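Pulled from TrEMBL:
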type     : residues  : note
DOMAIN   : A:34-548  : domain 'Cytochrome oxidase subunit I profile'
TRANSMEM : A:46-69   : transmembrane segment
TRANSMEM : A:105-130 : transmembrane segment
TRANSMEM : A:142-160 : transmembrane segment
TRANSMEM : A:180-208 : transmembrane segment
TRANSMEM : A:220-248 : transmembrane segment
TRANSMEM : A:268-291 : transmembrane segment
TRANSMEM : A:303-324 : transmembrane segment
TRANSMEM : A:336-361 : transmembrane segment
TRANSMEM : A:373-392 : transmembrane segment
TRANSMEM : A:412-433 : transmembrane segment
TRANSMEM : A:445-466 : transmembrane segment
TRANSMEM : A:492-513 : transmembrane segment
REGION   : A:569-589 : region 'Disordered'
Amino acid sequence: MSAGSVPSGYEVNDPGYPTPQENYLTNSKGILSWAFTLDHKRIGMMYLIGVSSAFLLGGLLALGIRLHLFAPDGILFNNALFQWLAPDKAPNDIYNQVFTLHGAIMVFLFIIPSIPAALGNFLVPVMLGAKDVAFPRLNLSSFYLWVGGALFFVMALLASGLDTGWTFYTPYSTTTDSSVILATTGAFILGFSSIFTGLNFIVTINTMRPPGMTWFRMPLFLWATYSTSIIQVLATPVLGITLLLLIAERTLHIGIFDPEYNGDPVTFQHFFWFYSHPAVYIMILPAFGIISELISVHSHKRIFGYRFIAYSSIAIALLSFIVWGHHMFTSGMSPITTIIFSALTFTVSVPSAIKVFNWVATMFKGSISLTTPMVYAIAFIFLFTIGGLTGLHLGTLATDMHLHDTYFVVAHFHYVMVGGTVVSFLGGVFHWWPKMVGKMYSEAGGLLSAALVFIGFNLTFLPQFILGSRGMPRRYATYDPEFAPLHQMSTYGALILGAGLFVALFVLLMSLYNGKKAPANPWGGATLEWNCTSPPPFYNFERPPVVGDPYEFGDIRWDTELDRYVKVEPQRERVPSETPAETPAHASE
Amino acid sequence: MMSLLGDYTSSKLSVFPKSASSFSGESDWVFHFITIVCVVFFIPIAIALFGFAWKYRKAKGEPADSQVDHNTTLELVWSIGPSFLLVVMFYFGARGYLDMRSIPEGAYNVGVDAYKWGWGMNYGNGVIHPELHVVAGEPTKLTMTSKDVIHSLYIPSFRVKKDIVPGRYNYIWFKAMEPSEKVMTDEECKQLADKDKEENLSWDYDARQCTPDGYNFYDLYCAEYCGTNHSEMQTVVVAHETQEELDAWIKKYSSRGPDESPAAYGAKLYERRGCKSCHSIDGSRLVGPSYKGSYGTMRDIVGGSQVKVDENYIRESILNPKAKVAIEQGVAYQPVMPSYKGQLSDDDIYSLIEFIKSLGDASAAEEASESPAEEAAEMASEEAAEAASADAEPVSVE
């Protein structure tokens, strides 16, 4: 359809391209204008760079783990280079530190902040049609807290490493001589960063929705962010207190966790998982939000079961607080407690399943464009479904007795965390990249990265389900030779996966140099962020955007003359003289 | 390293290790049930996912064929429907779990001491051995505690696992269904053990696929991460055909034989009781100081003073390891050794001291150099060392 075919009485709404001055990337210059910026978009971009660097580091450590495990007695860390780097450490010690740092960096520095802090920061205000988040200064401080926490992790790495596993289980963590205090201090600071981000989003979404945007006209990404924020604010303090207690136990021997001073180590596990189980949903809920957007926009079809998806986000957030005990089925809780936790655990699978069904139903009879974000979204549904279904084996008590703390668990949570969060994060980055930087990336390169990630990921982690059910315990630096073929498959997969991620990075970076200019609405989305230019101007919108249904694709048309999507709206009569006083959104609720 | 799976699974492609306890049948059945349910749900989802993606591809700008955005009946069906299957899964899981938690009365009791990085199975009357020996067809109860950090006892073939938490007892029980076969005669075992002694090696469970007593076995792993040698913290389970056979095995290890020298018995304890995982006898630095040539030397300890390595110091170090922590070449050892108070008899401690003496006795050498009886003393210590290595019967598992 071309602009000429617009029926009379309708107007074409096309923001076109930004002028150099009105673009948030260029409206002020110099490193200080970034360092002290209060603009949520710039903070989001800084977060994106930060979490991506953390991901790169954590990913390299993961490759180290896989290369070491290529042979039963270990390869990589037996190498002379490592003996020279760490002369007083056995290969097993180096392996233990590498898997610990891989886990800690990936969880605390990457997966938890990736979507909410990087993409969320950029998108929440734009999707709301707002100028910024409610507390811009709090937002900047949350970024610097993240940097501070990351520095503590780096210090721990440079001091004497960390070998407790990312879970810091006592009494190992109170007795080992590695840098537990530095790392827990880092995690403590990162907790504040997470709480500030969550708090900011809750207030932003509650108070800054524009007139006309009711709760049920909010894009599902905002529902997901809102649910995530609730968990961040309520659960993170528990982790903070737990880590402080751990530090106190280590230095003052107060006798809470360490049996040597009449403490109980299992108490630590209860405290720790009371945070860290909800934290699993901090990692996956925003991914659900991204996928809901991606599937709907690239199918050009209303999301199926909007309310069920929205409610299921909230349900997951609430249920996440009462299932932590399933991490401890084998720790010696009373049978009745164990059985109750098993029953509660099954309840979480219902809202997760609802989402999967709804996404697939959304694609039914849609108009699907197999773009890079859409391919990542499809990969997500496939991988997350496997991750979710194998959770049933672990929630079931009789089978968990066999599978707990084996590679089955490793495979399960990587399917959820990597297959889920990382894949959706990548899909989200590709989806919003044109909006963020104003450039289109190479579609062929993007699809190649998605294919490599999908193949490499499955080759890495499918064999681990078999390893685990055959009895291979996790966190082993060496293993029995009969497990070798499966470990080798897994290592080859990790190399392919790593290659796919590097292709993704390369494609995105190359787009900055030779990418085509991005139009305001490259995919034909109906949410508000596609109403401003790409990249957005400093204050996001020239005038307050008209709030519509975020999944109404009827008035988004492909314009062949302009070669881009435009919005076609019925012409409204301009209000001649005075505008009515605006009622704030929260007052009308 | 041990390799067993090749032997006791039906094929390399098998999803499970051999099913060998009264629980493993039900556990595997529940696993397969869940897996089938998962596959039944997954295949249609995957077909729809890829099928829709292919079938409904359209050119840019073409509107979707439908904009239907909800169907309450359908949504309620797929929300509530699967819940029934979840209840069934939960029920079978909980039933199997309760079986594992209801310890039958009169079960054969073995104490388990887990420590970094080894196992002490306590058969009563001071018999402690790293291997777990039980009677097939009879319930066995393990009363488990840890001396340092959390460990976890995991026998894949039995489908059982339980954390071992310091400061409390955790229990587990199982019934091994099939006795381990005796695949090597005592004669053959002795020959192999003698060969090991000559080459100063320990028993290779992996290559020989049997224990030093000639039985084939099931793997037993530590499943809770516990530090440096977590992945080496493995031992084996042997199921005997009858109680008499088990009793005979226990008797074999019950105490120092009447004509066994203390140093030789000390060497066995060194292998069996986990000293070996942290203290070398060839002078290399492991988690703790090496025994080689240590007796009679002066040793720096944390706090700045020195102590002579003599009988009293060794005894104190065994019973109260954190009292005087050694420093070697300016680097202090980690104070991680658990106390063996109540775990070793006076005779055991005496034997260990004699064993350490036999590995080079600096004080004897000193005295010898001052006296004309130099040669005699040297010969005596050499003899002891020989006796120690000749009788050492390595049983600990790497």
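Residue positions begin at 1 at the first shown residue.
The backbone N, Cα and C atoms fix where each Cβ goes, and this holds for glycine too.
Proximity of distant same-chain residues to the transmembrane segment (A:492-513), defined by a Cβ-Cβ separation under 8 Å and at least 6 residues beyond the stretch ends, is recorded for 52, 56, 59, 62-63, 66, 426, 429-430, 433, 437, 439-442, 445-446, 448-461, 463.
Counting only same-chain residues 6+ beyond the ends of the transmembrane segment (A:46-69), those with a CB under 8 A from a CB of the stretch are 34, 75-77, 91, 95, 98-99, 101-102, 105-106, 109-110, 113-114, 117-119, 121-122, 143, 146-147, 150, 422, 429, 436, 460, 477, 479, 487, 490-491, 494-495, 498, 501, 505. Beyond the ends of the transmembrane segment (A:180-208), by six or more residues, the same chain brings 104, 108-109, 112-113, 116-117, 120-121, 124-125, 128, 130, 133-135, 138-139, 141-143, 145-146, 148-153, 155-156, 159, 162, 164, 168, 173-174, 218, 222, 225-226, 228-233, 236-237, 239-240, 243-244, 246-247, 250-251, 282, 584-586 to within a C-beta distance below 8 angstroms of the stretch. Remote same-chain partners of the transmembrane segment (A:268-291), defined as residues 6 or more beyond its termini with a Cβ less than 8 Å from a stretch Cβ, comprise 107, 111-112, 115-116, 119-120, 167-170, 194, 220-225, 227-228, 231-232, 234-236, 238-239, 241-242, 245-246, 256-257, 309, 313, 316-317, 320-321, 323-328, 331, 355, 359, 377, 380-381, 384, 413, 416-417, 420-421, 424-425, 427-428, 431. Annotation: stretch A:336-361 has the most Cβ pairs under 8 Å to the transmembrane segment (A:303-324), among A:220-248, A:336-361, A:445-466. Tallying C-beta pairs under 8 angstroms between the transmembrane segment (A:373-392) and each of A:105-130, A:142-160, A:220-248, A:336-361, A:412-433 places A:412-433 first.
Within the same chain, residues 48, 55, 106, 111, 114-115, 119, 122-123, 280, 283-284, 286-288, 290-291, 293-294, 297, 371-374, 376-377, 379-380, 382-384, 386-388, 390-391, 393-394, 439, 441, 446, 449-450, 453, 457, 460-461, 464-465, 504, 508, 511, 523, 529 sit at least 6 positions outside the transmembrane segment (A:412-433) and bring their C-beta atoms closer than 8 Å to a C-beta of that stretch.
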